[in-house]
Each structure stands twice: as structure tokens, then as C-alpha cells.
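Sequence annotations record features per position, and here Swiss-Prot assigns transmembrane segment to 33-53, 77-98, 113-133, 178-198, 226-246, 288-308, 320-340, 347-367 based on similarity to another entry. Residues annotated as heme b b562 binding site in Swiss-Prot: H83, H182. Taken from Swiss-Prot, the feature heme b b566 binding site applies to H97, H196, supported by similarity to another entry. The feature ubiquinone binding site is assigned by Swiss-Prot to H201.
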Amino acid sequence: MTNIRKTHPLLKIVNTSFVDLPAPSSLSSWWNFGSLLTICLAVQIATGLFLAMHYTADIETAFSSVSHICRDVNYGWLLRYLHANGASMFFICLYLHVGRGLYYGSYMFLETWNVGVALLFAVMATAFLGYVLPWGQMSFWGATVITNLLSAIPYVGTDMVQWVWGGYAVDKATLTRFFAFHFILPFIIAALVMVHFLFLHETGSNNPTGIPSDLDLIPFHPYYTIKDILGFVFMLTALLTLVFFSPDLLGDPDNYSPANPLSTPLHIKPEWYFLFAYTILRSIPNKLGGVLALVLSILILVALPMLHTSKQRSMTFRPISQFLFWLLVADLLTLTWIGGQPVEHPYMLIGQTASILYFSLILIFMPLAGIAENHLMKW
């Protein structure tokens, strides 16, 4: 008798995706982050749903409702901090996932990669909207500064800002619509994840060597299910350690003060996971130029397949490209550090230098390294 998982219409889909899926035998731990991101999304949707039951999207009561969740709701503090720190874990896994794709040439799966970039934009938008909801000082001023960037768009900019705000300033209408979008976007992200999976399963996974692995495939279960469970344990341990021992480590103290339009914080900054892009934005004195650089700092990922010049897919056997890759990682960490510093000397100069290096590495040095390595290999 044939196993039910291979004949049942629904179980058959699960079986071909997670049980009998042929996977390369050489996948390292860097391939764990896709499954970790799925867990992160599930945690965020679950905690967010329960938080939404107690939160009120009104400027008069939003701050108080978050306080009420932490003080009066059973395990409300746990829900709130799981959600807030879960977002940080989400971005850690997301950036490592993208970095893995860059290092091992996974961007050569065009459809999967482009859907992934769309997912990155959607997750960043969701996180920004969520940061506004507690209606603290940094929520209010972050929303004001970031949405105001739309005014840099020629001709229609000012109208777009007022359209997003729902008035002439960040106010009640802004908070209401931000909550509505923050609620619906994770479900759109979940749908995009399905499309991401669909395209990935059309081609099969890449592997650390970058060489087609059709001759050496193993079933996903039990090998990679066990491996993924180990990843879940490590990630959830890190998340729970953060939540129970230092829940405010990655937050901003200013957000514990209710929003006050008459008092500007000394240093307006987004959450840590946006600081690298924020530095690039600040590095250009021109407003429109800064906004374009901000968007291009993420959109540049779409261009990676076109910038691939090496005859090898992965960087595993390409030492020059490896050096440039780790230089890019160091540059991104520098950008993140500078984003948290005030706009003054020497931070501005370091930020501008790091921003130029970021684009130069991706657009100029990495493609040149690929060509050089081809010549060195006499290809």
C-alpha cells in the first residue's frame, strides 16, 4: 500500500516540499536561515495577533494601551518583548540569509532572488510601520522624518506626503493607517514566501561549491529537518535570552516617553537594523540624492546577477572575491555604527567614505575581481 503522504492531495504537496524533497548533500549551516525566517514570521504573526487584541490605534490611547499590555494583560510583557525582539532576530536572520546568497552565488536563481528582494522591502516596510505604533517620542519623530522623505520626489512629493499622513502633519489618521498596513503586510509577506518557495523548488537549492548537485542528492527528511530543528533551538534560545534578561537592549529609551510634537529628540534614529541605510541617506547633502541612495542601497541587490563576471558561481574557490565580500561586511557594520552617532565630525566623514565604499565594492570591485580571477585561472 502506498504511503498516504504520497497520495493525499494536500499531504502530497507537503511531502514533495519538506519530506521527499531532493536536496544537495553538502548544504552547510548557512542554509538554515530560510527555515529560521519562516519561524520568525510565524512568531511575529502569532504575537502580533494577540497584541492587536489589546492595542488601540488612536494617538490619545496608543501609548497607554502598550503600557496596559505590559502591566495588566496576562503575559502581555512577554508578547510585547517577543514581538519587538523577534523583529531584531528576523533581521539578523534576513541579513545572514542575503549574505549567504551573495557569497555562494544564489542570486543566479533570478526569480527566487527577485522575489527575495521584494520580501526584503516588504519586511522593512512592516518593521518601520510597527515602530510607529507605540507612539513614543522616537515613533513619532521617526515617522515624521522618514515619511517626509517622499517630499523629495519632484512635482508630486508634497502631495504624496500629505496623502500618506492623511493631513498636514503626522496625526491620528497616520497612526490608524499605519496600524492597518502593519497588520495586513505580514500576511502578504507569507504569500510572497510561498512564491519564493515555489521558484526555489523549480530549480532546487544551490550548494556551497556552486556546482550542479544533480548527481548527489539526499532526501530533505530526516537529514535537513533535524538540522533545521537544531537551528530553531539556537535561535529561540538567543531570542528568549534577550527577552528575559535584557528586553530593552536593542530599543531606544526615548520611546518610553509619550510622543510630543513640540519637543524634538536630540538624535532621531531608526531601529538598529535600518542604521546602515540611514547612514547612506545622511551621507548625501542633497535630499533627493539621499533618498535615491537609500532606495538603491537595497535595490542594488536586483543588479547582482548582471554584475556577476566570474565563471564560477560561488566564492568558495575565489580568494580575491572572498576578501572583498568580508570587506563589504565590515563596511556594513561600520555604516550601522555611524548611523547611531550624531551628525558631526568625524562621523560624517566616516559615513560618507563607508557609503562610497559600499557602492564601489558591489558595482566596481567585485565584478573586476571576477574578471581577474577568470584570467588567473586561465579561463
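Keep in mind that glycine also has a Cβ here, set from the backbone N, Cα and C atoms.
Among the binding-site residues listed here, namely H83, H97, H182, H97 has its C-alpha nearest to that of H201 (ubiquinone binding site). When the alpha carbons of H196 (heme b b566 binding site) and H83 (heme b b562 binding site) are compared, the span between them is 24 angstrom. With a threshold of 8 Å between CB atoms, the same-chain residues lying at least 6 positions outside the transmembrane segment (320-340) that come near it are 99, 102-103, 269-270, 272, 274-276, 278-280, 282, 310, 347, 350-351, 354-355, 357-358, 361-362, 365-366, 369-370, 372-373. In three-state terms derived from DSSP, H83 (heme b b562 binding site) belongs to a helical segment. Residue pair H97 (heme b b566 binding site) / H182 (heme b b562 binding site) shows a Cα separation of 23 Å. Listed by sequence, the residues of this chain that lie at least six past the ends of the transmembrane segment (226-246) yet keep a Cβ under 8 A from its Cβ atoms are 27, 29, 32-33, 35-36, 39-40, 43, 78, 81-82, 85-86, 88-89, 93. Stretch with the largest number of CB pairs closer than 8 A to the transmembrane segment (113-133), among 33-53, 178-198, 288-308, 347-367: 178-198.
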